[in-house]
Amino acid sequence: MVNNLHSAHPTGAEYLKAVLSSKVYDVAQVTPLQDMAKLSERLGNKVFIKREDRQPVHSFKLRGAYAMIAGLSAEQKASGVIAASAGNHAQGVALSAKHLGLRALIVMPQNTPSIKVDAVRGFGGEVLLHGANFDEAKAKAIELAESKNMTFIPPFDHPAVIAGQGSIAMELLQQNSQIDRIFVPVGGGGLAAGIAVLIKQLMPEIKVIGVESKDSACLYRALKAGKPIDLDRVGLFADGVAVKRIGDETFRVCQQYIDDVVLVDGDEICAAVKDIFENVRAIAEPSGALSLAGLKKYVKEHNIQGETLVNVLSGANLNFHTLRYVSERCEIGEQHEALLAVTIPEQPGSFLKFCHILGHVPVTEFKYRYADDKQACIFVGVRITGQEEKQTIINQLQQNGYDLIDLSNDDIAKTHVRYMIGGRSNSPLKERLYSFEFPEQKGALLKFLETLGQTHWNISVFHYRAHGADYGNVLAGFQLNDEDLDAFNQHLEKLGYVYQDVTESPAYRYFLV
């Protein structure tokens, strides 16, 4: 390497020097810092968004990739570079190598959507499809790096990559010197580490807040444990930050310089995607909206007013059909919609009476199916202004004698059951309900069904709906006796799909049992 970082664990001053001498602007752009006027008024703070979606590859990843590749020795450059990625890092490496006239080989999992493969090839990268997941692709890339004497370019855990991402912080200070807090998305930690170490060298009074998805919180868990640890599984909606283990160097830097970490869920991310569109007319990928989701939550939880707050739109490489899912979930994430399961008497006029009690509350969704002569279960969505109004509606219904369950935070209800209202089985079943994940690609659902069909247990309920993501989600019920349960779960382990037993879901119990 010929860059300024000669240590595996540089000091803050060494990182600062590396950022100041970085060559990232050979290929990267100085991206705008835009005012989010509507959101600023709503939150009582000055909110700004750093538009990294405006980079040539539509994400910040170009900075770190180019910083490392440009710093290679002439001998290393002559041998070419290799990386493993199914996302933004792949495009950053491909474009960086193309700009420098180098060979770039990107190893991508075999189930990578063709749109992402084509994007890498469009930036001049060679693509090798290998392995069923990222870990297998990465292992192959490291093997090829050794056998072909190519340099492996990691997505986050390298000082040169961290320094490249840190160039964003330098731009922020030049664009607005009055910043109070910067909210940064965290996956492997490269962006958070780069921004934090630079900020704390120059303006340590600025707070740097890491934002993680609740189901991919590798930094939060590492900070609690005092060291990087492996997560058992990660959520895949915000795939750009779906990392099982934070990097060793990124953790060291984040542990030293990050001020706090906030966790958000998928619905809060969806609401942030909507906010970004409404304020600056940009469409962020889920991980790209992560830091804004964290900003909004942090402001509310800590009652922050009158400050200047910055969030980073880290990327905008998303499948268009993901927007359908975002649109459906953003109202719940903004606490503008409540989902309720309500029991009403099965008699003439009871349905109308229920509607009268709701009064002028806007109804967003209403599903009903006759079940028996005694009572009916209805699934109702109502538009609300916040938690207080939701509780008022719940209290009003309960005071009128209705039994109900709030399903607003029930993921099985939001993802599956709301599309399945149609009555219970007429036959009593010994049934267990499972949620499965499988890679989305042509023929993937058929392959899943064929694999699942290898069981001799009867499928009693099934729901699948495409959301434009890299992974699909299926809800399936099986007729199982208690004595079959251990054998069945052992069989599921052998199938290789990520799964979860969700038999105790309130939505399932209310509508499908």
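Heads up, the Cβ atoms here are built off N, Cα and C, so glycines get one too.
Taken straight from Swiss-Prot:
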- Lys61: N6-(pyridoxal phosphate)lysine (MOD_RES)
- Asn88, Gly187, Gly188, Gly189, Gly190, Leu191, Ser314: pyridoxal 5'-phosphate binding site (BINDING)
- 338-409: domain 'ACT-like 1' (DOMAIN)
- 432-504: domain 'ACT-like 2' (DOMAIN)
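Here the binding-site residues are Gly187, Gly188, Gly189, Gly190; the one with the fewest Cβ atoms within 10 Å of its Cβ is Gly188. Apart from Asn88, Gly187, Gly188, Gly189, Gly190, Leu191, Ser314, the pyridoxal 5'-phosphate site neighbourhood in this chain, defined by C-beta within 8 angstroms of the site C-beta centre, holds Phe60, Lys61, Pro155, Phe156, Gln165, Pro185, Val186, Ala192, Gly240, Val241, Val243.
Cβ neighbours of the residue listed as 'N6-(pyridoxal phosphate)lysine' (same chain, under 8 Å, six or more residues apart in sequence): Gly87, Asn88, His89, Gln91, Gly92, Pro155, Gly315. Long-range neighbours of Ser314 (pyridoxal 5'-phosphate binding site) (same chain, six or more residues apart, CB within less than 8 Å of its CB): Glu52, Asp53, Ser59, Phe60, Pro185, Leu191, Gly240, Ser287, Gly288, Leu290, Ser291. When secondary structure is read from DSSP and collapsed to three states, the residue listed as 'N6-(pyridoxal phosphate)lysine' falls in the helix class. Following the DSSP three-state reduction, the secondary structure of Gly189 (pyridoxal 5'-phosphate binding site) is coil. In this structure the residues listed as binding pyridoxal 5'-phosphate are Asn88, Gly187, Gly188, Gly189, Gly190, Leu191, Ser314; their two most distant Cα atoms lie 15 Å apart. According to its DSSP assignment, Asn88 (pyridoxal 5'-phosphate binding site) is helical.
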